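Asks: After the structure tokens below, expect a handful of questions from me.
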Amino acid sequence: MKLSRRDFMKANAAVAAAAAAGMTIPTVAKAVGETTNAIKWDKAPCRFCGTGCGVLVGTQNGRIVASQGDPDSPVNRGLNCIKGYFLPKIMYGKDRLTQPLLRMKDGQYDKEGDFTPISWEKAFDIMELKFKNALKEKGPTAVGMFGSGQWTVWEGYAALKLLKGGFRSNNLDPNARHCMASSVVGFMRTFGMDEPMGCYDDIEEADAFVLWGSNMAEMHPVLWSRMTSRRLTNAHVRIAVLSTYEHRSFELADNPIVFTPQTDLVIMNYIANYIIQNNAVDKDFLAQHVNFRRGATDIGYGLRPTHPLEKAAKNPGSDASEPMSFEDFKTFVAEYTLEKAAKMSGVPEDQLESLAQLYADPKVKLVSYWTMGFNQHTRGVWANNMCYNLHLLTGKISTPGSGPFSLTGQPSACGTAREVGTFSHRLPADMVVTNEKHRQIAETTWQLPAGTIPEKVGLHAVAQDRALKDGTLNAYWVMCNNNMQAGPNINEERMPGWRDPRNFIVVSDPYPTISALSADLILPTSMWVEKEGAYGNAERRTQFWRQQVPSPGEAKSDLWQIVEFAKRFNVEEVWPAELVNQKPEYRGKNLYEVLFANDVVSKYPLSEIPDDQLNDEARDFGFYIQKGLFEEYASFGRGHAHDLAPFDVYHQVRGLRWPVVDGKETLWRYREGFDPFVPKGEEVRFYGKPDGKAVIFALPYEPAAESPDQEYDLWLSTGRVLEHWHTGSMTRRVPELHRAFPEAVLFIHPLDAKARGLHRGDKVKVISRRGEVISLVETRGRNRPPRGLVYMPFFDAAQLVNNLTLDATDPLSKETDFKKCAVKLERVVA
């Protein structure tokens, strides 16, 4: 789609149309000129990161012609980042997929054939055959799905019902496993409930901010702008930034800290020791609200059991812990002295002490922010727990301006992956498949026979790759992600399983990504406002939007695909006789009828949708399926501190932060006066735990799974850049963003480059024990690694940096460590 300057000028002048829709257009747009009623404006959350910025979408003749920041959004207040301003263009890439494509040869499916257009009916025919064969031959463990933190709430919920309730397989996991799983397990271990207790309002309340492994300036730029305003307009405010290399967030740092990879664990134990030694502990808070426990150590690295590191581990994968006293904890952290921390981390003592003083000062309200630097870590859960330790020791938690806060990278990693429970071990509202009571709640809510949901945890993301390679997972559906590019160790652990003739791989995507082109069947998928949706952002804010434009060609939403596919399976084909006998009324019914068209999900008629806002899925299925799915899903959490507002409310507001009780959202959880679930007089109650107390864990430093040695002499860290989002499958199709950062480069310290005879712009081969990739040397620019470390973004499909990375994971969260592996460099001679 080509939009002229005149088109954009007209769109931005559409004040009258926006006003008619109850929207506010920024003053700058009001000054553009003449208005037009031909453009319709409506609200939506942004499609990119987990900040949850509000956007106004302008549509005309079935196309998006403009977008701008929503000034009525409390998140971004009319501001978007550079990606947000180009949202319309992600929809209209020249290679947008509009038909199902199957690998075929001589008119038949062939694993080595060419992609050939087919109908949806034929696409589902081959999918049905492959899934039924896998179920018949090997059972529910032979089928699986890899979903997304970009799924809408009801897409994730429908997938959860189909996989765990329909196919009876817990082999459902989201790509959020690669980014937020350590945060999830960390919150659950310490507080018994997932997600931050604070909100973005903390930014305007805090006196200090500490960024742990978070480049907010590029990855969460709108929140960074709010923090920048707070820092520059209040002289007393301080910012500390910790990372293994310098990046743009360092430009505002009062205390810029570059540390040796993995030693963030040492630094946090030092800070805990400093707090105790300087009598900065909030003793009353600890006595009333905190327990102490010693965690298991030497827990391995989440590699295959045959790997030498796993064989050597004393307690591989152990989440065990035992009670301890405050005095025991004091003794434990005492060994993490300032001198030891400085020596191990490479950080000057004065910088470490300055950082510790921020946490220790009772007059300083402090927020800790982190993203992938903490979570993509072989001890990511520990890192999360250790950060909570600092806030619990000082009582700086669950109060305006103070608290630990994990920032999410996807628009609904919280709302869908975490809250809906699309992980292999989870169910909605923090319930888990290993808990019999939780399974019973789900089975009752879904009207399923007792015993339908398996109690064994399914395959997580990396385990799915291994099972595909081993031939034990044979029918596999990937939706709304590009894991062939984004996941670790492509050469050894992913590509072999995808191309194994025993396996059938389906990818649903709007574009021909690396993942799509590696699959056997590609299903064209609707994007963003081509469907009605809901996302949940990092501050627990649930936001809705209406379908605003049609999908191109034959593209269908993930929701439609999941629900329509359910029609292909009768209960007798997927459930054993003993389950069917419990529900004889289900005999002859298919999973669509049992899970979706069941008078619970299907009880909301089309008449509840405004005439001009009917969405494609509701029209196709004949009922307001989004409302039915949402209300059923919301029933899991209501009354249990996961309360969501009624469905219709969300279409009228700019999101609400749960728990929502009596129409009021909750800004700070666990604190009396803010949280309706804290009884009067208790002040603070961490009610996720049976005794209402959070846990401080004693956890040590343990080394990375792979470190530089004489041959592979450099650390490699991977990540993102401002202009591109994840694998670039959307942003690289925006000409302006592509031109701004057209290809990946290898950021390296100038002296490391010089020592290897490399110059800026040279081609260089980056080699690990698992693979190699050719990139370009960059010794200047926004990212400035220290000596001994190189940094490379993963957005470039022509430079698959995950050919290099190790599939080591945190043994507790199963999240991959993309920040630490060992590489060497070779100059490429032209």
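The count begins at 1 with the first shown residue.
Note that Cβ sites are derived from N, Cα and C of the backbone, with glycine treated the same way.
Below, the features straight out of Swiss-Prot:
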BINDING   CYS46, CYS49, CYS53, CYS81  [4Fe-4S] cluster binding site
BINDING   LYS83, GLN150, ASN175, CYS179, 212-219, 243-247, 262-264, MET372, GLN376, ASN482, 508-509, LYS531, ASP558, 718-727, ASN802, LYS819  Mo-bis(molybdopterin guanine dinucleotide) binding site
BINDING   PHE794  substrate binding site
DOMAIN    39-95  domain '4Fe-4S Mo/W bis-MGD-type'
SIGNAL    1-31  signal peptide
Asks: Can you give me the average pLDDT across the domain '4Fe-4S Mo/W bis-MGD-type' (39-95), rounded to a whole number?
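Replies: Across the residues of the domain '4Fe-4S Mo/W bis-MGD-type' (39-95) the model's pLDDT averages 96 on the 0 to 100 scale.
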Asks: For the domain '4Fe-4S Mo/W bis-MGD-type' (39-95), give the DSSP counts of helix residues, strand residues and coil residues.
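Replies: In the domain '4Fe-4S Mo/W bis-MGD-type' (39-95), the DSSP-based counts are 8 helix, 20 strand, 29 coil.
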Asks: According to DSSP, which kind of secondary structure is MET372 (Mo-bis(molybdopterin guanine dinucleotide) binding site) found in, if we only use helix, strand and coil?
Replies: helix
Asks: Sort the binding-site residues CYS46, CYS49, CYS53, CYS81, PHE794 by C-alpha distance from GLU246 (Mo-bis(molybdopterin guanine dinucleotide) binding site) and give me just the closest.
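Replies: Of all the candidates listed, PHE794 is nearest in space.
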Asks: Give the sequence-ordered set of same-chain residues, not counting CYS46, CYS49, CYS53, CYS81, with Cβ within 8 Å of the centre of the Cβ atoms defining the [4Fe-4S] cluster site.
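Replies: Neighbours found: PHE48, THR51, GLY52, ASN76, ASN80, LYS83, GLY84, HIS220, PRO221, VAL222.
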Asks: Could you round the CA separation between GLY213 (Mo-bis(molybdopterin guanine dinucleotide) binding site) and CYS49 ([4Fe-4S] cluster binding site) to a whole angstrom and send it over?
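Replies: Between the alpha carbons of GLY213 (Mo-bis(molybdopterin guanine dinucleotide) binding site) and CYS49 ([4Fe-4S] cluster binding site) there are 16 Å.
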Asks: May I ask for the distance between LYS83 (Mo-bis(molybdopterin guanine dinucleotide) binding site) and the residue listed as 'substrate binding site', taken between their Cα atoms and rounded to an integer number of Å?
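Replies: So the Cα of the residue listed as 'substrate binding site' lies 17 Å away from that of LYS83 (Mo-bis(molybdopterin guanine dinucleotide) binding site).
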Asks: C-alpha of CYS49 ([4Fe-4S] cluster binding site) to C-alpha of PHE794 (substrate binding site): distance in Å?
Replies: 16
Asks: Using C-alpha atoms only, work out the spacing between PHE794 (substrate binding site) and LYS531 (Mo-bis(molybdopterin guanine dinucleotide) binding site) and round it to an integer in Å.
Replies: 29
Asks: What three-state class does DSSP give GLU246 (Mo-bis(molybdopterin guanine dinucleotide) binding site)?
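Replies: Assignment for GLU246 (Mo-bis(molybdopterin guanine dinucleotide) binding site) reads strand.
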Asks: What whole-number Å value do you get for the CA-CA distance of HIS726 (Mo-bis(molybdopterin guanine dinucleotide) binding site) and CYS46 ([4Fe-4S] cluster binding site)?
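Replies: Between the alpha carbons of HIS726 (Mo-bis(molybdopterin guanine dinucleotide) binding site) and CYS46 ([4Fe-4S] cluster binding site) there are 15 Å.
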Asks: Give the sequence-ordered list of residues that share a chain with MET372 (Mo-bis(molybdopterin guanine dinucleotide) binding site), lie 6 or more positions from it, and have CB atoms under 8 Å from its CB.
Replies: CYS179, GLY213, SER214, GLY409, GLY719, PHE818, LYS819
Asks: Of the binding-site residues listed here (CYS46, CYS53, CYS81), which is spatially closest to GLU218 (Mo-bis(molybdopterin guanine dinucleotide) binding site) when Cα positions are compared?
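Replies: Comparing Cα positions, the closest of these binding-site residues turns out to be CYS81.
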Asks: Would you mind pulling the DSSP three-state label for GLU218 (Mo-bis(molybdopterin guanine dinucleotide) binding site)?
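Replies: Where GLU218 (Mo-bis(molybdopterin guanine dinucleotide) binding site) sits, the three-state DSSP reduction gives helix.
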Asks: Which one, from the binding-site residues LYS83, LYS531, has the smallest tally of other C-beta atoms lying within 10 Å of its C-beta?
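Replies: So among LYS83, LYS531, the binding-site residues given, the one with the fewest Cβ atoms within 10 Å is LYS83.
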Asks: Taking the Cα atoms as reference points, how far is CYS81 ([4Fe-4S] cluster binding site) from VAL721 (Mo-bis(molybdopterin guanine dinucleotide) binding site) in Å?
Replies: 12
